[in-house]
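K.L.:
This is the structure, below, for whatever I ask next.
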């Protein structure tokens, strides 16, 4: 075969290979096009179903949390959540926080918390024992999850806060600013809707737990004035994030701070902290027109910390060990009361739930049920109430729940920071168990050494 014939033969072979390759590519493209057409057709057929589902979800997304039901009858408390945020924060990106609380809509429960603008085990966690700073913000994450930059959403700039859901949107209340002129910023669905200026210019502050909603209106209690003497206390009624009514309590010799409020049969009951002179807890109950009654829990099973040993109670402030205090809660059932309190009488350690069947009105110290929550050898802290509405649970009553803050770090431990994790429980009329669910983190961290 001469050179020209070789060239022609090689060229012919290359052309055949090229034609075959082109045909294969064309076949592949046709196959992909057919497959895509089938998938697109299937998606188009499914679209009406998908749209119907979305429309249905939107149709049930907005309700009114009536709050007209009574509290559910309960015999004990079932563990609901534990976030383990300090343990996780030794290696993970977890916020330095205090004052966590829980609130539920008709669709979900969320943990709200006041950050310090810092992460655990980081240099900016230094000095976070301070309560009020311009770096503090209210944020929230799904209940039971450790609060981190990856699962949390910003709510408000705040060093004192509250939040609740009326069935349509979240209402948040965030207080920030100087001690002598702080302002509460109200947001509804994330949009600023109103503000409340400090009226006594002495550390305006609010609940550090959820506000309470009834029939589309939400209610909160605020304090302005001395932490160790007579102060001023106001109830605010809000609709879609705007204040529509307020009333100042006529409460001489009473001291209300950090109230834990809940709806019950269309009215609101708040159990608060007396930081002035009471080792039992003051309460205020009111209807939707803000007509109110006030008192102290009469039981000889005292609920504050510090406090004296249980003894004879009073329907006014019990003065022994009455100064200072800690945020707490109770649930009223007729003349009876579930009291949540630290186990220790003089430090924020341990936690227990006690049922006093006559404690709302009676002054003796007898009780019939005690359920352990945290051992006295482990740190606790603030505690507060929240509820789950029938629109969430499907029950015909309002389920009472509570959370406990488990404070770690300064001032009791050798760290540069102060933070906490949280646990929560809900009332049930079935089997429960007492145990200890402590924070469980091993300190100090690397940053502390």
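Cβ from N, Cα, C; glycine included.
Per Swiss-Prot, topological domain 'Intravirion' is recorded for 1-6, and the stated evidence type is sequence analysis. The transmembrane segment annotation in Swiss-Prot covers 7-27 and rests on sequence analysis. Summarising the annotation, Swiss-Prot assigns region 'Involved in apical transport and lipid raft association' to 11-33 and lists sequence analysis as the type of evidence. Residues or ranges marked as N-linked glycosylation site in Swiss-Prot (evidence: sequence analysis): 68, 126, 215. Here Swiss-Prot flags 72-397, 104-109, 164-211, 213-218, 259-272, 261-270, 298-315, 401-426 as disulfide bond.
Relative to the rest of the structure, where do these features sit?
P.N.:
The Cβ of residue 68 (N-linked glycosylation site) lies under 8 Å from the Cβ of 214, 215, 265, 266, each of these being in the same chain and 6 or more residues away along the sequence.
Counting every protein chain shown, 19 other Cβ atoms lie within 10 Å of the Cβ of residue 397 (disulfide bond).
Counting Cβ atoms from all protein chains shown, residue 109 (disulfide bond) has 20 others lying within 10 Å of its own Cβ.
In the structure as shown, the Cβ atom of residue 126 (N-linked glycosylation site) sits within 10 Å of 15 other Cβ atoms.
Non-local neighbourhood of residue 211 (disulfide bond): 162, 163, 164, 171, 173, 218, 219, 220, 238, 261, each in the same chain, at least six residues away, with C-beta under 8 Å from its C-beta.
All protein chains shown were included, and the count of other CB atoms within 10 Å of the CB of residue 215 (N-linked glycosylation site) stands at 15.
A 10 Å cutoff on Cβ-Cβ distances gives residue 259 (disulfide bond) a total of 32 other Cβ atoms nearby, all chains included.
Listed in sequence order, the residues of the same chain lying 6 or more apart from residue 270 (disulfide bond) and placing their CB within less than 8 Å of its CB are 212, 221, 256, 259, 260, 261, 262, 283, 284, 285. The DSSP secondary structure for residue 270 (disulfide bond) is strand.
According to its DSSP assignment, residue 298 (disulfide bond) is coil.
In the three-state DSSP assignment, the secondary structure recorded for residue 401 (disulfide bond) is strand. Annotation for residue 401 (disulfide bond): same-chain Cβ neighbours under 8 Å, separated by at least 6 residues, are 80, 102, 385, 386, 387, 388, 424, 425, 426, 427.
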K.L.:
Relative to the Cα of residue 298 (disulfide bond), which of the disulfide-bonded residues 72, 104, 109 has the closest Cα?
P.N.:
72
K.L.:
Using only C-alpha positions, which one of 72, 213, 272, 315 is spatially nearest residue 104 (disulfide bond)? These are the disulfide-bonded residues in the record.
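P.N.:
Given the candidates 72, 213, 272, 315, the nearest one is 213.
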K.L.:
Find the one among the recorded positions 126, 213, 272, 315 whose C-alpha lies closest to that of residue 72 (disulfide bond).
P.N.:
213
K.L.:
Sequence gap of 6 or more, Cβ distance under 8 Å: name the residues on the same chain that satisfy this around residue 213 (disulfide bond), in order along the sequence.
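P.N.:
Once residues fewer than 6 apart are set aside, residue 213 (disulfide bond) is near 65, 67, 164, 165, 166, 167, 171, 219, 263.
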K.L.:
Neighbour count first, Cβ atoms within 10 Å, every protein chain included; then name which of 261, 315 tops the list of disulfide-bonded residues.
P.N.:
261
K.L.:
Least buried of the disulfide-bonded residues 72, 104, 164, 218, 426, going by other Cβ atoms within 10 Å?
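P.N.:
Selected from the disulfide-bonded residues 72, 104, 164, 218, 426 on minimum Cβ neighbours within 10 Å: 72.
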